[in-house]
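Data first, discussion second: the structure below is written as structure tokens.
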Amino acid sequence: MEQLTSTVPLPDTFQGARDDISVQIGLIWGQIKAPLIVPLLQVSVFLCLVMSLMLFAERVYMGIVIVLLKLFGRKPEKRYKWEPMKDDVELGNSAYPMVLVQIPMYNEREVYQLSIGAACGLSWPSDRIIIQVLDDSTDPTIKDLVELECQRWASKGINIKYEIRDNRNGYKAGALKEGMKRSYVNHCDYVVIFDADFQPEPDFLWRTIPFLVHNPELALVQARWKFVNSDECLMTRMQEMSLDYHFTVEQEVGSSTYAFFGFNGTAGVWRIAALNEAGGWKDRTTVEDMDLAVRASLKGWKFVYLGTVKVKNELPSTFKAYRFQQHRWSCGPANLFRKMVMEIVRNKKVTLWKKIHVIYSFFFVRKVIAHVNTFVFYCIVLPATVLVPEVVVPKWGAVYIPSIITILNAVGTPRSLHLLIFWILFENVMSLHRTKATIIGLLEGSRVNEWIVTEKLGDALKGKAAAKAPKKPRFRIGERLHLLELGVGAYLFFCGCYDVFFGKNHFFIFLYIQAIAFFIMGFGYVGTFVPNS
């Protein structure tokens, strides 16, 4: 009994210590809040509102351009000369330009047959086309399979070349550059590029090549992507909404106003003379396609985007693959912006307005501001104003402008309008990685040149589903837990709880929902889960 009695004061001691700590934290917060936290948060709110207005103006401008294009019917066939290729009795097939089709690939077990088969199925005079498979695979088995597939098509009379190299220097850019060095390429006029999961329709060349033949000022014809697996899961539907806006609005506006846009790296046809004049492929960033497009544009070349020509391809359906892809797509442009901004400023071949468009609109607003503002404003600064009620965000900045921007972004995919709320939550979570990648690109951090090929599943998932039901996959903490998402989710949840007890604007509804989104993605419960075979 004495022992028990002697232990009774311990909880009171701990309770007192805990109260003391709470009081100390409260005193410290009270001392730094007014002179430090409030001014910092006010400056942050001001900067975020400025960035929001920049994004708003950009979206409205592009929306107006699209409406005008629709009203006046400014199709590419009206802006540029286009006539179907015609047979020449005297010249025969030599009247047709020589076309090189490049297919870079790396360990593409699931999709190599689809891409090679689609390229070999392109309709064009057989003696005026060369299919070049650039295989950087490190898996000997896959390498053998790709080579056998090329041999199979060669036995059918297709002019197909299987090219390998003894290193992966420069990744995709290095492979494309090496492919252009082959002697038979010297006879080619145009080069078409398809990534390993792209499947062009047989008439692709008949619909694109005439633009380059009849318009010597054009360097690039870019086709649109068509997603074969957009209905696979909710994550692929979210991607479809973002990419549809990119193609329906951004590419269309760039093509019709300044004849400039970022090459998408695939499903495009380049004039080889323009490619060479621009300096060829460079591997200084992870966006070799955008790099080439900017350099060619600075040489005075023009681009055209064809929204009616669609090439089937696959969206990444696993969260891991999508994160890696988004890191590359966000880090690369920011790094390229850092490397080329002064080169663009000093260029004397393009107009001042085009320079402003490339630097401000194409790079700064779309590749930097869009990512940074989405995360910092909606996931950090706005929640922080709950803790610091002295800082007030105007309703037009917190509600009206974001709502209009969101609606304008959603017009590209009308069939997914009912998923708009999910898309907002998903994009806010992904803005965390895009912001981190953008900062790495601007500062040239350690992962600035990280290149991880986006995993393609092809029909692999269907095959596994049709087979015997697999055992329940083991939960691997390292693969499924994402600490950054969980950390931001915890912060938002804390702000939501604070708003419930002390707030007056019901902001906790958004905070809780967004926190749940961060938790779901933080625990890896998004996208398709592929059990290890």
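Each residue, glycine too, has its Cβ placed from N, Cα and C.
Lifted from TrEMBL, the feature list:
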{"type": "TRANSMEM", "residues": "43-72", "note": "transmembrane segment"}
{"type": "DOMAIN", "residues": "190-384", "note": "domain 'Glycosyltransferase 2-like'"}
{"type": "TRANSMEM", "residues": "368-388", "note": "transmembrane segment"}
{"type": "TRANSMEM", "residues": "400-426", "note": "transmembrane segment"}
{"type": "TRANSMEM", "residues": "481-501", "note": "transmembrane segment"}
{"type": "TRANSMEM", "residues": "507-530", "note": "transmembrane segment"}
Proximity verdict for the transmembrane segment (43-72) and the transmembrane segment (481-501), three or more C-beta pairs under 8 Å: no
Residue numbers, six or more beyond the limits of the transmembrane segment (368-388), whose CB comes under 8 Å of its CB atoms: 33, 37-38, 41, 44-45, 48, 51-52, 54-55, 330, 334, 337, 398, 402, 427-428, 431-432, 434-435, 437-439, 442, 488, 491-492, 495-496, 498-499, 503, 507-508, 511, 514
Contact set, same chain, for the transmembrane segment (481-501): CB under 8 Å, 6 or more residues outside the stretch: 379-380, 383-384, 386-387, 429, 432-433, 436, 507-508, 511-512, 514-519, 521-524
Same-chain residues near the transmembrane segment (507-530), Cβ under 8 Å, at least 6 residues beyond its ends: 232-236, 316-319, 322, 378-379, 382-383, 386, 425-426, 428-429, 457, 460-461, 464, 473, 479-486, 488-490, 492-493, 495-497, 499-500
